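Undergrad: Have a look at this one.
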Amino acid sequence: MTDDNLLDRALIRLEEAASHLQIDQDVIEKLKYPRETTKTSLLIRMDDGSRKSFLAWRCRYDDTRGPTKGGIRFHPDSTIEEVETLAFWMTFKCAVMNLPYGGGKGAVRVDPRTLSKSELERLSRAYMQAFARTVGPDRDIPAPDVYTNAMIMGWMADEYNQITGSVTPAVITGKPIALGGSLGRNDATARGGFYLVQHLAAELGLSGSRTVAIQGFGNAGQYFAELAAADGNTVVAVSDSAGAIYKADGLDVTKLIAGKNSGKRVADLAAELGATVISADDLIAVEADVLVPAALEEMITVKNAASIKAKVVVELANGPVTAEADKILTEKGVVVLPDILANAGGVTVSYFEWVQNRQGFYWDLEEIHARLKKMMEREGRAVWDIAQERKVSVRSAAYIHALGRLSTAIEAHGTQPYFVG
Ligand SMILES: NC(=O)c1ccc[n+]([C@@H]2O[C@H](COP(=O)([O-])OP(=O)(O)OC[C@H]3O[C@@H](n4cnc5c(N)ncnc54)[C@H](O)[C@@H]3O)[C@@H](O)[C@H]2O)c1
């Protein structure tokens with residue numbers, strides 16, 4: 001995460017997709033750089049009266065297809081490169097799903113676990129004060145990401161409303177239901193990935209009950225475990241930042257989630273669940289049909305990709321597999337359902353939230369699930385078909401699918417910069 005070349009490495013995927021399409025070089029040039037990234041320092045009062053500052057960013061990577069959309073991450077290792085790379089991925093994710101959005105992302109370099117609740121609220125409000133002119137329901141729409149949640153989105157929405165003297169719920173998504181949040185947002189990322197796997201199960205050789213290993217047991221990982229177990233699959237291994245546990249005949253997911261929610265780490269639950277403690281690194285090498293990276297970027301690299309035994313990798317995390325590791329997995333015949341498709345359920349339900357906020361009419365959970373399923377299946381099928389027709393990986397197909405939409409939109413904007421330049 002701290003490597004300066006994360007964006008350069010992400011752009012390899014853009015160049016690769018472009019090589020399959022007849023695209024104007026200007027389009028590629030435009031997509032290689034963010035439209036704008038704002039950096040600031042948030043100075044907040046700590047509970048003991050001292051003052052402390054935290055670096056913060058907001059990137060609007062590309063807004064050709066609509067207002068920029070992307071989460072805000074609170075993490076001690078966040079960097080500008082990470083923010084811009086995540087915003088680049090959001091640009092492609094929104095295009096894959098045909099959402100009327102461009103891509104954005106934000107972050108604060110902070111370990112939120114070291115802050116009290118009131119310090120966290122002051123920091124969240126300070127973020128919105130700093131970026132109130134960057135965001136907006138028709139400009140840039142944030143959402144939660146790693147170590148941010150509905151409560152933080154609620155504080156930020158409230159701050160925006162105070163600054164603008166309006167009530168504008170559509171400025172931010174992933175809000176508490178009481179403030180205009182959507183039903184079904186909590187598990188949307190996992191559910192979208194789950195619908196995708198179900199839809200392509202036959203093509204992926206996954207008919208019948210499957211075994212699943214999940215790296216990262218936070219929001220995305222826990223909900224995926226729950227959905228997979230409820231569907232008759234066996235969750236054999238899970239990990240968090242402190243370690244991993246394995247049980248060949250399946251972990252009790254309900255107990256696991258309850259234990260995690262009580263503040264324990266997964267390794268602390270091994271005895272209670274009759275599981276074996278393994279190292280976090282060993283999780284990706286366990287015997288399982290499906291491996292679900294749901295932690296952070298670049299966890300599967302040249303160093304460990306060869307050890308993967310799963311048939312299918314479902315990228316709920318953003319960028320968990322490096323380009324070099326991708327090649328190894330392709331050679332091994334492992335199918336990777338890529339992040340910009342597999343974890344797009346989150347931004348899709350965020351889009352539903354924004355639509356509901358703007359129309360002032362709210363859908364029930366059934367309608368949210370039905371709409372999400374339809375969109376995951378429609379775009380998942382389109383991507384799968386491109387992969388088969390062009391004999392490329394599913395990741396390349398997803399980029400080709402997105403880049404086709406982006407280039408059509410960029411070209412449709414015309415050549416205005418040529419005249420003003
Ligand atoms: N939540 C969403 O709606 C959403 C949407 C799209 C993509 N994502 C992506 O999914 C990933 C996870 O997001 P989340 O919202 O679930 O975050 P989260 O903070 O709820 O969970 C992250 C989990 O990863 C674990 N982790 C950290 N380092 C690890 C390591 N080295 N090994 C194993 N586990 C490790 C943490 O302990 C935590 O359990 C991120 O890449 C995020 O960008 C999330």
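Heads up, the Cβ atoms here are built off N, Cα and C, so glycines get one too.
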Undergrad: Quick check: of Ser307, Ser350, Ser393, which does TrEMBL put in the same substrate site as Lys69, Lys93?
TA: Ser350
Undergrad: Using a Cβ-Cβ cut-off under 8 angstroms and a sequence gap of six or more, which residues of the chain neighbour Lys93 (substrate binding site)?
TA: Gly103, Asp339, Ile340, Leu341, Asn343, Ala344, Val347, Ala402
Undergrad: I'd like to know which of these binding-site residues, Thr189, Asn219, Ser350, is least surrounded, judged by other CB atoms within 10 A.
TA: Asn219
Undergrad: So which of Lys69, Lys93, Lys105, Ser350, listed as recorded positions, have a Cβ under 6 Å from an atom of ligand 1?
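TA: Not one meets the Cβ criterion.
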Undergrad: When you tally the Cβ atoms that lie within 10 Å of each candidate's Cβ, which of the recorded positions (Lys69, Lys105) has the highest tally?
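TA: Result of the Cβ crowding comparison: Lys105.
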Undergrad: Tell me, which recorded positions from Lys105, Asp145, Thr189, Asn219 are within 10 Å of Lys69 (substrate binding site) if we use the C-alpha atoms?
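TA: Those close enough are Lys105.
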